[in-house]
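The following features are taken from Swiss-Prot:
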type     : residues                    : note
ACT_SITE : H20                         : active site, proton donor
BINDING  : D28, H101, Y123, C124, N125 : substrate binding site
Amino acid sequence: MKKTPLLNIALSRLIASLGHGDIVVIGDAGLPVPPGVELIDLALTHGVPDFLTTLKVLLSEMQVERHVLAEEILLKQPTPLAALEGMTAGGELGQRQLMNHEDFKVLSRQARAVIRTGECQPYCNIALIAGVTF
């Protein structure tokens, strides 16, 4: 059995297959998944699993160079934003880029996968751009 926090087979496979610059999106329950992009659906019910827990567990195995947020999160979601600020300051999320929510949905077309959570707070979405460990 694995020693790291991430136990989900599909997520472990995804992270192991990433190359530098590949995009992984973690989305709330309402984020549309573009046709042709792999969906890894973790949602069980409202709030389970939540956005931040999913992100923290994914970061236990994924090297992130930078991340993208919809600028709407800055005004509409102070609690998740505070946690993201801490992760950014700690170096876990790399550099930040902001764009409007509609552009974020366009960016998600380039993702290797969209991970759907049970999060029901709007704009709790993040695009993670894979980095390298060397």
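Just so it is clear, glycine is given a Cβ too, placed from its N, Cα and C backbone atoms.
Swiss-Prot feature annotations superimposed on the structure.
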residue : record                    : Cβ neighbours (10 Å)
H20     : active site, proton donor : 10
D28     : substrate binding site    : 20
H101    : substrate binding site    : 16
Y123    : substrate binding site    : 23
C124    : substrate binding site    : 28
N125    : substrate binding site    : 25
Could you round the CA separation between the residue listed as 'active site, proton donor' and N125 (substrate binding site) to a whole angstrom and send it over? 21
